[in-house]
Amino acid sequence: MVKIKMPALFRRRSGSKSPPLPQADPASGGGSPAPTPEEEMERVFRKFDANGDGRISRSELGALFESLGHAATDDELARMMAEADADGDGFISLDEFAALNATASGDAAAVEEDLRHAFRVFDADGNGTISAAELARVLHGLGEKATVQQCRRMIEGVDQNGDGLISFEEFKVMMAGGGSFAKIA
């Protein structure tokens, strides 16, 4: 999410929004219906809102990126907060968070750039593919309980060439909802 460029999550462009998160595979055994987009947005927001006060602070934002292994600089955090904090109160509310993550389609080049940033978060070793271990690392950083074996099964749902890894092209299909994959946040 950060390279340390601004993550797609907080990139605001006129006419361009981030792509939707993939839906969980009902066949994966969850048994409950997939959450609505609003429920999923609130769940992701709560991951960021570590102290549960209903708003995301700069320190909570920084802590989340650090837990993902992508510590943001003070300047990057300030820029993300400035772009996200529409009312200027120094915090990101659920409404501000939702506005930044609206799922309307946007400029294809901007979406591609956002996907590349997200892919790099998962591809820790920079080899151009996402392994089960790399997926598990990111999920753990987000507070999700997933074993490497479970991540291998998730990868099988989108691994078009059968190599046990997710390439960028496979990642794009997954993020567009064209494959089955557990939610990432």
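Sequential numbering from 1, following the chain as shown.
Glycine too: its Cβ is placed from the backbone N, Cα and C atoms.
Annotated Ca(2+) 1 binding site per Swiss-Prot: D49, N51, D53, R55, E60, in sequence order, evidence recorded as sequence analysis. DSSP assigns N51 (Ca(2+) 1 binding site) to coil, not to a helix or a strand. Sequence-distant neighbours of N51 (Ca(2+) 1 binding site) (same chain, six or more apart, CB under 8 Å from its CB) are S57, E60, listed in sequence order.
The annotation Ca(2+) 2 binding site is assigned in Swiss-Prot to D85, D87, D89, E96. Around D85 (Ca(2+) 2 binding site), the same-chain residues at least 6 positions away in sequence with a Cβ under 8 Å from its Cβ are F91, I92, E96.
In this structure, D125 (Ca(2+) 3 binding site) belongs to neither helix nor strand by DSSP; it is coil. According to Swiss-Prot, the Ca(2+) 3 binding site annotation covers D123, D125, N127, T129, E134, on the basis of sequence analysis.
Other Cβ atoms within 10 Å of the Cβ of E170 (Ca(2+) 4 binding site) number 21 in total over all chains. Classification of E170 (Ca(2+) 4 binding site) by DSSP places it within a helix. Among the features that Swiss-Prot reports, Ca(2+) 4 binding site is placed at D159, N161, D163, E170.
According to Swiss-Prot, the domain 'EF-hand 1' annotation covers 36-71. Here the domain 'EF-hand 1' (36-71) returns a mean pLDDT of 83 for the predicted model.
Look at Swiss-Prot and you will find 72-107 tagged as domain 'EF-hand 2'.
Positions annotated as domain 'EF-hand 3' by Swiss-Prot: 110-145.
Look at Swiss-Prot and you will find 146-181 tagged as domain 'EF-hand 4'.
Residues or ranges marked as region 'Disordered' by Swiss-Prot: 1-41.
Cα of D163 (Ca(2+) 4 binding site) to Cα of E134 (Ca(2+) 3 binding site): a span of 15 Å. Taking the binding-site residues D53, D87, D159, D163 in turn and counting surrounding C-beta atoms within 10 angstroms, the largest count is reached at D159. D85 (Ca(2+) 2 binding site) falls outside any helix or strand according to DSSP and counts as coil. Cα separation, D49 (Ca(2+) 1 binding site) to D89 (Ca(2+) 2 binding site), rounded: 16 Å.
Neighbours of the Ca(2+) 1 site: apart from D49, N51, D53, R55, E60, residues of the same chain with C-beta atoms within 8 angstroms of the site's C-beta centroid are F48, A50, G52, G54, I56, S57, F91.
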